[in-house]
Amino acid sequence: MIGFIQQNTGREWALKPVKVGVLGLGTVGGGTVNVLKRNAAEIARRAGRDIIITHASARDLSRERICSTEGIILTADPLILINDPEIDIIVELIGGDVFAKELVLKAIANNKHVVTANKALIALHGNEIFAKASEKGVIVAFEAAVAGGIPIIKAIREGLSGNQIQWLAGIINGTGNFILTEMRDKGRDFSDALAEAQALGYAEADPSFDVEGIDVGHKLTILASIAFGIPLQFDKVFMEGITRITPIDVEYAEQLGYRIKHLGIARKTPEGIELRVHPTLIPDRRLIANVDGVMNAVLVKGDAVGATLYYGAGAGADATASAVVADVIDVVRALTSDPENRVPHLAFQAAFLADIPVLSSDRFKTSYYLRLNAEDRPGVLADVTRILAAHQISIEAIIQKEPLENETAVPIIMLTHTTLEKEMNAAIAEIEALLTVAGKVNRIRLETLG
Ligand code: HSE
């Protein structure tokens, strides 16, 4: 039996228990029930009162669960929870952005606090949801929406709140990172690695969200808003997936001392904010370059603290539940505080969100890895470098490889210094038009993250 320094024994709280209703009992819902039950005593000591799940809703009540539902009233109708006056907090874990939005807005209208792991919901509808929540004086918490168990939202919103955030870069999709890691370590091809990620249960219901960068785009939208104090603007995120990455690029990158990672990057520049998702070469000596498999990591650069790195599980039942439950505890702690003085949803006071422009992709500044196939004869390379020079693109490294099996053209790989994306787009179009260059130029952006 643990003794307590204060008279309170840990189970006899002055305040009545907080009642929670969970919408969705899949992987994250099941994990949330497990963690809240398993750690109930510790959680009560942290929150200052007991937190109990009284109700849960699930589409298919007959399905086998990863959690025990003993003591929880189960229903197929989420509105029963949302309309129950006894429930204080609704935990939304059904995913998707249409029905989830309807349910969350109804919960807010009924004066309930909301905790969600739904990145699409927040990225697409967060501005509207937070406005409604503020009108009602309720909290909408969403730590689990980005990077699963890593408390990255709290880190940026609270831990780094004294800084001007300059940029952040994250590996925030475990499926994509697993695929790239398998391609590099085992030379596996893309579709083969994706099939395994799906079988392991990491991928989204629609895996194109993982591999086309949409899932990263949702998460980046959220991170950028809390980093820079801007409204959520998913429609302005540049997104390029990993489907065109080939094992050969992974190998060439490796030979040049780089790893290819699918990054979400948000950077504040004097012209505006870059919001971009794309495969990126990063020096293999960087810690983040060594984040492999399904793991996630986010690098955040603040003007005062410098670069900070956050690493951990970005998906999975218990890891995501860790963030969901922390949000529930935060809500409970804040229940008695004045709504005007709570931590703002997007880190900055709602009335002071800035209208800094989000830049179109042609205004990005970055370095590049280029791979092209050219005829092996005099003058070809000179044509290519002349085009680059005409667009003020400076080459950092260049290598010519042996022709691939059954090919006559030789692969040429170049790394460039930082340049404007608009200039690179124009240069690539001109290079592809050369009669001596076969097919498309394969372009992968490169960041030193220094
Ligand atoms: N599909 C996501 C991933 C799940 O692979 O990271 C967590 O958001």
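Using N, Cα and C of the backbone, Cβ positions are placed for all residues, glycine too.
Note that TrEMBL annotation is computational and uncurated.
Taken from TrEMBL as is:
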- L23, G24, L25, G26, T27, V28, G29, G30: NADP(+) binding site (BINDING)
- K119: NADPH binding site (BINDING)
- E204: L-homoserine binding site (BINDING)
- K219: active site, proton donor (ACT_SITE)
- 369-446: domain 'ACT' (DOMAIN)
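Feature map: annotations from TrEMBL on the structure.
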residue: G24; record: NADP(+) binding site; DSSP (3 states): coil
residue: G29; record: NADP(+) binding site; DSSP (3 states): helix
residue: K119; record: NADPH binding site; DSSP (3 states): helix
residue: E204; record: L-homoserine binding site; DSSP (3 states): coil
residue: K219; record: active site, proton donor; DSSP (3 states): helix
Q) Going through the binding-site residues L25, G26, T27, V28, G29, E204 in sequence order, which have a CB under 6 Å from an atom of ligand 1? A) E204
Q. What counts of helix, strand and coil residues does DSSP assign across the domain 'ACT' (369-446)?
A. 24 helix, 31 strand, 23 coil
(Q) Between the Cα atoms of G26 (NADP(+) binding site) and K119 (NADPH binding site), what distance do you get, rounded to the nearest Å? (A) 16
Q) Who sits close to T27 (NADP(+) binding site): which same-chain residues at least 6 apart have their Cβ under 8 Å from its Cβ? A) I66, G201, G316, A317, T320
**Q.** Cβ within 8 Å of the mean position of the Cβ atoms of L23, G24, L25, G26, T27, V28, G29, G30: remaining residues of the chain near NADP(+)
**A.** V22, G31, T32, A58, L93, I94
Q. To which of the binding-site residues G24, G26, G29, G30 does the lowest count of other Cβ atoms within 10 Å belong?
A. G26
Q: Count the Cβ atoms, other than its own, that fall within 10 Å of the Cβ of the residue listed as 'NADPH binding site', considering every protein chain shown.
A: 29
Q | Between L23 (NADP(+) binding site) and K119 (NADPH binding site), the C-alpha gap once rounded to whole angstrom | A | 16
(Q) I'm trying to understand the geometry here, so how far is the Cα atom of V28 (NADP(+) binding site) from the Cα atom of K219 (active site, proton donor), in Å to the nearest whole number? (A) 17
**Q.** Spatial neighbours of L25 (NADP(+) binding site), counting only the recorded positions K119, E204, K219 and Cα distances within 10 Å
**A.** none
Q.
What's the number of neighbouring CB atoms sitting within 10 A of the CB on the residue listed as 'active site, proton donor'?
A. 26
**Q.** Alpha-carbon distance [K119 (NADPH binding site); G29 (NADP(+) binding site)] in Å
**A.** 15
Q: Would you count the other C-beta atoms found within 10 angstroms of the C-beta of E204 (L-homoserine binding site) for me?
A: 18
Q: Compare the C-alpha of the residue listed as 'NADPH binding site' with the C-alpha of each of the recorded positions G24, G30, E204, K219, and give the closest one.
A: K219
Q | Integer Cα-Cα distance in angstrom, G30 (NADP(+) binding site) to the residue listed as 'L-homoserine binding site' | A | 17
Q. Roughly how many Å separate the Cα of the residue listed as 'L-homoserine binding site' from that of K219 (active site, proton donor), to the nearest whole number?
A. 14
